[in-house]
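Following: one structure in structure tokens, then a few remarks.
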Amino acid sequence: MAPPPPSPSMAPPGLIHSAPGPPDTCALLPPPPAATAAAAAAATMSGPVAETPSAIQICRIMRPDDANVAGNVHGGTVLKMIEEAGAIISTRHCNSQNGERCVAALARVERTDFLSPMCIGEVAHVSAEITYTSKHSVEVQVNVMSENILTGTKKLTNKATLWYVPLSLKNVDKVLEVPPVVYSRQEQEEEGRKRYEAQKLERMETKWRNGDIVQPVQNPEPNTVSYSQSSLIHLVGPSDCTLHGFVHGGVTMKLMDEVAGIVAARHCKTNIVTASVDAINFHDKIRKGCVITISGRMTFTSNKSMEIEVLVDADPVVDNSQKRYRAASAFFTYVSLSQEGKSLPVPQLVPETEDEKKRFEEGKGRYLQMKAKRQGHTEPQP
């Protein structure tokens, strides 16, 4: 797999977004004046435009059962909250016009950075905003803030870009058209189209690896790929699924993060934390009743970071007509920490086979791109 193109940057705000719906547990933020004016102008030129909220925000206090072994909030928990916010706003938008009802399904998560740890007892504020729509997909930008409710201190902990596609409720294999958004500036649509084309190209580049599997090795040597590779088998139950019987994207991401964390801990034998996630691609839906195998393997190490590839395979055990298939794939980056929370050197990976050496070089390319993009930010440095 060739190194992916540089991840798209966060798009500027100021768009008209999803259609209004019942608030539930979400706080709806009013649209900025520029966006409102643009919507009014568009309505004059091309017909009425639905009144829409600029963004949504969901909030939740972090509990002890959200913690990882280091005592901070589990990275998978944060990923799950990010996906929930994205699913709400994209589903609302896709149902904002009269027509066939649908649910927005997660297709891809762009690079997600973990800028700062979140602690138990803090409140997570997850805000989501639609920044671009194509004919059949929705781009959602999500920011996560943590709030210390004792001191009032807030900090940005995560930012992510997600892509959703609307699936018909009558036929979940049918992708519907997405209502367009109204942009306050023409440049916003052009920038969004570039991000859409970039992620579409990268998704196509990952498909050829769908047959790749992680095989167990007897008596592996320390610091090799086989030594730390790990798998988790999970039976998909009703609590993992939407009302329509398909696994929540956030559930899958949390399981992927858990496996990646096991691989990282086995390799360095220390506390580890998620530093970033590089493009989670969802290749196919996972139905209730499937047995999924989440496999992780080390692909690259720098002085202070580890890249782990995670593959998700689904086996529809109650459906003899369908074979095992690749459902999702991603690359996670972890850092090693001391008991005091300071960054530690990482044992260097020893690739043995030609495939492992090739994956190591590809990982090195992604690492160099990642390092260049992190200049000027506050997230953990590899």
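Including glycine, each Cβ sits where the backbone N, Cα and C put it.
TrEMBL annotations: computationally assigned, not manually curated.
Within the listed segments 1-23, 139-161, 208-230, TrEMBL records region 'Disordered' for the stretch 1-23. Every protein chain shown contributes to the tally, and the Cβ of ASN68 (active site) ends up with 19 other Cβ atoms within 10 Å. Note: the domain 'HotDog ACOT-type' (52-170) comprises 23 helix, 58 strand, 38 coil (DSSP; helix = H, G, I, strand = E, B). Rounded to a whole value, the Cα-Cα separation of ASP257 (active site) and ASN68 (active site) is 11 Å.
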